[in-house]
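Right, one structure below, let's go through it.
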Amino acid sequence: MTFGIFQEAYANSSSLSGSKSAIGVVGTTMNGTMYLSIPVISTLLDNGRWANWRRSVAIVGVVLSSIAFVATSFSTRAWHLIILQGVVAALGSAMIYAPNILVLDEWYKDGNRAIAYGVQLSSKNVVGTGCPFLISGLIHATGTHNTLRVWAGIVLTTGLLGLAITPIKPSVDQIRRPRQIPWTFLKHRTFYIYAIGNAVFSSGYGLPQTYLSAYADSVLHVSSILGSLMIALFNAPGILSSVGFGILSDKFAISAKTNTLISALGSALCVTLLWGLKSHQIPACLVAFSIGYGFFAGGYSATWAGWIKEMEREAAQSNEAINTGMVYGLLNGSRGVGYVVGGVAGTELLRASPLSISTKWAYGTQYGPVILFTGISALFGGWATLWHVFGAGI
């Protein structure tokens, strides 16, 4: 959630050799690795044979992430960052996250699942709101290498403390559950519609997180403190929207398609009108984009619970079993695919020539192709609604 601060520090570091353009891949690789690992880990830990290993896996994940951040502090090449922070630390994060989402799914299987998911998802936005200032301050006070070591200590301490107070032991029913995994939901197109939309949306979602601070610095020429503020403003609204979209699903019975469309369309409009037009000349436009996109895009993951409800109804109508915890893990996997694609695309788009548009618009800057890609991916993230309207008879 705060990699943009690290990226700016890496890009300005004289101790790193190799292609600096590859640094932009680190953040999206980290997200991609984490989310692609979650389906595998959650499927294994959802099985009765391995369910009792959840806490142990989470503890190993905390330790692995901490070691990876310490090792990253000794990196001298960009590819070291990609391997250590982008892959190893991300794998550790997945090992922490997967056991928790499984338990949450078991606790709220009978109601308020969307709100529960929303509250859990909002916690990452809490971290993303406060940490940009913490990390930026540490980098200026102690340097990037020492900041990574301090961050490793924070991850280790808070991770172990969190696991100590979180009851992630599986239920008795979960342990006794038959080991055969129900894959029948893959016969229905609903899963593929949402998974594809999720991957497309996620391919653009990681780009503002990665490049917003650098954009503020290189295009608007604002101070690093204001760059950190942009990242914080990007994350803060997601605290409300993650819970808010969950409430819309659970308490107001807003359909999954409508919820998704609100999030996707709102995100696309913020990119198109706020980031794409005058944000390179008017800082207030970039601030408004950070808040608006952070709100609508930050709540996108909270709409997943509505998708799962829809798949549960389909399974019930077909008299089929469905493992919702595993489905949630697979949706995280589709998000991971999007992050990986977006990371590669973002690097190549920055190398491309600016769009043939007047420089009076932000589309005409070096970041124009990235802005356009982010807007298009956000719009098509809500394609489930279009499919429902135009593709129902296909």
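FYI, residue positions are counted from 1 along the chain as it appears here.
Backbone N, Cα and C atoms are what each Cβ position is placed from, and that goes for glycine too.
Here TrEMBL flags 22-45, 57-76, 82-104, 125-142, 148-168, 189-207, 219-248, 260-277, 289-308, 370-390 as transmembrane segment.
Spatially, the transmembrane segment (125-142) is not adjacent to the transmembrane segment (260-277); fewer than three Cβ-Cβ distances between them are under 8 Å for residues at least 6 apart in sequence. Long-range contacts of the transmembrane segment (22-45) within the same chain, counting only residues at least 6 positions beyond its ends with a Cβ under 8 Å from a Cβ of the stretch, are 3-4, 6-7, 10-11, 16, 51, 53-54, 57, 78-79, 81-82, 85-87, 89-91, 93-95, 97-99, 101-102, 181, 202, 206-207, 209-211, 325-326, 328-330, 332-333, 335-340, 342-344, 346-347, 350. With Cβ pairs under 8 Å as the measure, the transmembrane segment (289-308) is packed most heavily against 260-277, out of 57-76, 148-168, 189-207, 260-277. Distant neighbours of the transmembrane segment (148-168): 54-55, 58-59, 61-63, 65-70, 72-73, 96, 99-100, 102-103, 135, 138, 142; these residues of the same chain sit at least 6 beyond its ends, with a Cβ under 8 Å from one of its Cβ atoms. Within the chain, the transmembrane segment (260-277) has long-range Cβ neighbours (under 8 A, six or more residues past its boundaries) at 194, 197, 201, 204, 208, 241, 245, 285-286, 288-289, 292-293, 295-297, 299-300, 303, 306-307, 361-363, 368, 371-372, 374-376, 378-382, 384-385.
189-207 is the stretch from 57-76, 189-207, 219-248 with the greatest number of Cβ pairs below 8 Å to the transmembrane segment (370-390). Remote same-chain residues near the transmembrane segment (219-248) are listed as 1-2, 4-5, 8, 114-119, 121-122, 124-130, 132-133, 135-136, 140, 208-209, 212-213, 254, 259, 262-263, 279-280, 283, 286-287, 290-303, 305, 362, 365-367 (criterion: CB distance under 8 Å, separation of at least six residues from the stretch ends).
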